[in-house]
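Okay, here's the structure, questions in a sec.
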Amino acid sequence: MESLKLGSLEIWPPVVLAPMAGITNAPFRTLCREQGGGLFVCEMITTRALVERNAKTLKMIRFAPQERLRSIQLYGVDPVTVGRAVRMVAGEGLADHIDLNFGCPVPKVTRRGGGSALPYKRNLLRAILREAVRNAGTLPVTMKMRKGIDDDHLTYLDAGRIAVEEGISAVALHGRTAIQHYGGTADWEAIARLKEAVTEIPVLGNGDIWSAGDALRMMESTGCDGVVVGRGCLGRPWLFRDLAAACEGSGERARPALGEVAATMDRHATLLTEAFGSEQHAVADFRKHVGWYLKGFTVGADLRRRLATSNSLAELRAGLAELDAAQPWPEGVDAPRGKTHARDRVHLPAGWLDDPYDLAVPCADAELDTSGG
Ligand SMILES: Cc1cc2nc3c(=O)[nH]c(=O)nc-3n(C[C@H](O)[C@H](O)[C@H](O)COP(=O)(O)O)c2cc1C
């Protein structure tokens, strides 16, 4: 196995924490980074909000002081705005790597031609990538995408070739279409097809890696140059320890007992409190993680509920102290966590599928209130 090369950056192991809105903030990245190496991408940042220097957005791109290889994911639909945002990141030294999001399937985004709807417009995609690379200076720019809109409108092979032609440093493919959302299983075959079509730059595989074994299997079966891991890390930051071990050829796997899990939960909530500067906000944000951390452990419904509705660190810690610290890791619970649902249709702008080559730029409000991929 080789390290992952993104322009002049070299990443070992070839493992990427997937950008996840509302999850991969600096505290969560710290927890994952402490476990093992790789590249840890921040939450998605909207290019328009960035160039307008929206206060909340500027807060979201804060990195921990020790964070090396600061990686930002940008979302945008307008080549000019994307170019300006990239120039700002590069010129002001805000990050070491930029990823572009073309995978977001949420209706309010695709309805306006953004996210996973965008690569269907080949020339618009090309214009965005060109502006991004032109403004990035020496920063590597990568792109993350889905297979397409649905099985009748696949775009990933064209998008991969366009990425190469426009100087993108690597492409990541989530092996689902927009209509699949998070349902069904990721199509690793498509990752193999993309690897065959894109030989000049690294191809990263994404989708349904729940364990280090899954990562090895994906690399072996698709030939991809690295893996992007999202939901598998929810409540499992130590998956990065496993991924590092697996890439080094070791069979050692983290199997934390409930006490160690509780300590990680405490640390996660504490780091969130430091980052947000508000204990109340941090503890509320942490609630969504509780079920993921406890998945598979035997914990009574009342205690689970209290942990997931804590209003302060003290309340959370009191609940954590009641957990049976000696309870061993529950084997065989690498089961799906987080989003798992499918959709029955993809919302698109009127006439979007009529012409894959026109250069219509989606309306500016395609970037409003956008989160998630
Ligand atoms: C809560 C959540 C938020 C997400 N936010 C983003 C995002 O901001 N940008 C993006 O490119 N993908 C986003 N994704 C998609 C993931 O990066 C990843 O592509 C997807 O979850 C499939 O990988 P997995 O099976 O390893 O989870 C998000 C996924 C989840 C579950």
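Cβ coordinates come from backbone N, Cα and C, glycine included.
Predicted automatically and left uncurated, TrEMBL annotations should be read as such.
Sharing the features that TrEMBL gives for it:
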- Cys104: active site, proton donor (ACT_SITE)
- Pro19, Met20, Ala21, Gln73, Lys144, His174, Gly230, Arg231: FMN binding site (BINDING)
- 17-316: domain 'DUS-like FMN-binding' (DOMAIN)
Counting only other Cβ atoms and using a 10 Å cut-off, which of the recorded positions Met20, Ala21, Cys104 scores lowest?
Ala21
Any idea which of the binding-site residues Lys144, His174, Arg231 has the thinnest Cβ neighbourhood at 10 Å?
Arg231
Output the one of Pro19, Gly230 that, of all these binding-site residues, has the highest number of other Cβ atoms within 10 Å of its Cβ.
Pro19
State the count of C-beta atoms found within 10 angstroms of the C-beta of Gln73 (FMN binding site), not counting that atom itself.
25
At the level of the C-alpha atoms, what whole-angstrom distance separates Gly230 (FMN binding site) and the residue listed as 'active site, proton donor'?
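Computed Cα spacing between Gly230 (FMN binding site) and the residue listed as 'active site, proton donor' is 14 Å.
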Record lists Pro19, Met20, Ala21, Gln73, Lys144, His174, Gly230, Arg231 as binding FMN; longest Cα-Cα distance in Å?
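If we measure all Cα pairs in Pro19, Met20, Ala21, Gln73, Lys144, His174, Gly230, Arg231, the largest is 17 Å.
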